[in-house]
Amino acid sequence: MTSTDAIAPAEPATRHRPVIVRVLRNPLGIVSTAVLVLIVLAAVLAPLLAPYGPNHAEIGDTLAPSSAGHLLGTDSAGRDVWSRLLWGGRLTLLSALLCAVVAIAIGLPAGLIAGYYGRGFDSASSWAANLLMSLPAIIVLLTVRTAFGPSVWISMVVFGVLISPSYFRLTRTAVQSVRNELYVDAARASGLGDARIITRHVMSVVRAPIIIQTALIAGVAIGIQSGIEFLGLGSPQEPTWGAMLSEGFRNIYVAPTVMLWPALAIGLTVAAFVLLGNALRDALEDLPKVKAARSAKGAAAHAGAEAAPPGTLHASVPAGAPAAAVPGTDGHLLDVRGLAIGYPTSDGAVKRVVDGVSFHVDKGEVLSIVGESGSGKTQTAFAVLGLLPDSARIVAGGITVDGVDTVRPAEGVVSHARLRALRGTRIAYVPQEPMSNLDPNYSVGHQLNRPMVKLLGLSRADAKTRVLDLLDRVGIVDPRRTYDLYPHEISGGMAQRVLIAGAVGCDPDLVIADEPTTALDVTVQAEVLELLRGMRDELGVAIVLVTHNFGVVADLADRVAVMQHGHIVETGAVRDVLGSPRHAYTRTLLDSMLAGKEPLTMLTATTGATA
Ligand SMILES: Nc1ncnc2c1ncn2[C@@H]1O[C@H](COP(=O)(O)OP(=O)(O)OP(=O)(O)O)[C@@H](O)[C@H]1O
């Protein structure tokens, strides 16, 4: 396969600085971090730093001012204020941590599931979140205190439950925004399961807001907990800053400083958490910028994340048995029979956007589906890949891939359970917009590596060797360097090569390429077509090539199916269809191309697919 300068990595690589470095470059970040580190250290080292136990009392020395024996004086029970401040810090910080852990443990998984899967769980959990948010927290906490006694731990667990909807909503919204991203579809098409997609691709989007939220919630939890203790509702046995505040308030006119120290500690800690939250937000804001940079670059993206070994690609791959002849499919690798796809309309009907579509593809064959924009090419391809939106319905027909019925008549939807076993290893995907199909959060190598480790069971080292070889084969000039680059650091043409490498990485039998050259400039288009040809000639991969361009069809395809308004109007060998088109629509498409016109804009509709 060829390599050109056009696909050398961009210079210089604009690498992410680690978040911690970015936080520490921000004055607010460094001050808040320093304050929190000091407070946490003081709390952790309380047994060493505190001269007295938290409840050690000297009855004869109450409300004493600062002295050599009592650095910050004593309280009304003769207890050392400095020691209680240190011990109190332990309890106060731990209780805030407990509150955040409880809130995250409930809100995060619930938000992930509700955002990713939607439907019934989403409705039920949203209802529960609304209910929790409508409860007045302070009344609930007072009730719990009455029922269970004055325990700071129980209060913080309950408060954690009460604020868990904030994590739920944050997570759910973030997941909903990323659920339909092309790189999530591409990861699905490459064979990764839901659990892995959620933990790797979706969680990376949620991580930043969760971290920011946790810094803020920790501050709020300390404030609430101190408030409860200040009201005198805490346990007298548990030294907390809130309890010290309450004690100091009762003696404010006699010894004002007893109240000053816990107030300072609470104020400093809450302010430091809030400032740290803001600094984290600033530091993590780079992510959308990176995404924007990627979209601006425009082209290439993820078609899977797998690779194949040098020389004998097929021989090294533990693919399943060859496709057996399946009754009704004549042994075709892909067999689509009378497929109809529809979407519900507001009047309750179902509008068919694909209707009565039948075609087949055999091993090592390239079938091109050609047609104007909106003719149903992508919907057909997505039905094969199982990437149709949730609202889509398979109104009629069936699809068999490599002997497996992924769509059975009357089932109404694509069977993801049956398709899952085929994804990546038997069927792969090369998308239209390479950039949007690569996850911005992971390096190119990482994304290519994962499916091979998961689907082929390779070690990470073996998978890396395989990825490097594949990157070389698809014409990447410096595979080792490209391996470590992030998607925004490569060009569109490179991204499409990366995706092609990924598509063949687990040695599939069938690749669905959806307008793989549309987003690329003319020179790179030719190179990508050459790569697809190599995929067919060298690896024997069958390709379904979706395009609106007859030039691409003539260049690469063995057979062609012409689509208009959801129907296949003509199909046959490329030579026959291009040499003597029988259908008026095919002639119009060809004429427009020969006249140098853009076929997508000059066609006029003559028939329509309807419900
Ligand atoms: N989620 C959806 N809901 C309703 N209709 C949809 C949905 N997605 C696609 N369609 C409709 O399905 C029809 C076929 O769309 P499809 O994307 O398959 O066209 P295409 O031939 O691939 O065009 P293009 O080359 O522009 O991608 C279009 O009329 C489109 O409006």
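In case you wondered, yes, glycine gets a Cβ from its N, Cα and C as well.
TrEMBL does not curate its annotations; it predicts them automatically.
Taken from TrEMBL, the feature domain 'ABC transmembrane type-1' covers 89-281. The domain 'ABC transporter' annotation in TrEMBL covers 336-590. What TrEMBL lists as transmembrane segment is 27-50, 91-115, 127-146, 152-170, 210-233, 253-276.
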What stretch in 27-50, 91-115, 127-146, 152-170, 253-276 has the biggest tally of Cβ pairs under 8 Å against the transmembrane segment (210-233)?
91-115
Stretch with greatest number of CB pairs under 8 Å, the transmembrane segment (253-276) reference, 27-50, 127-146, 152-170 candidates:
27-50
Result, the transmembrane segment (152-170) in contact with the transmembrane segment (127-146) (3+ CB pairs under 8 Å):
yes
Mind checking which residues of the chain, 6+ beyond the ends of the transmembrane segment (27-50), have their Cβ under 8 Å from one of its Cβ atoms?
80, 82-83, 86-87, 89-90, 92-93, 265, 268-269, 271-273, 275-276, 278-280, 282-283
Considering every residue in the domain 'ABC transporter' (336-590), what is the mean pLDDT value?
87
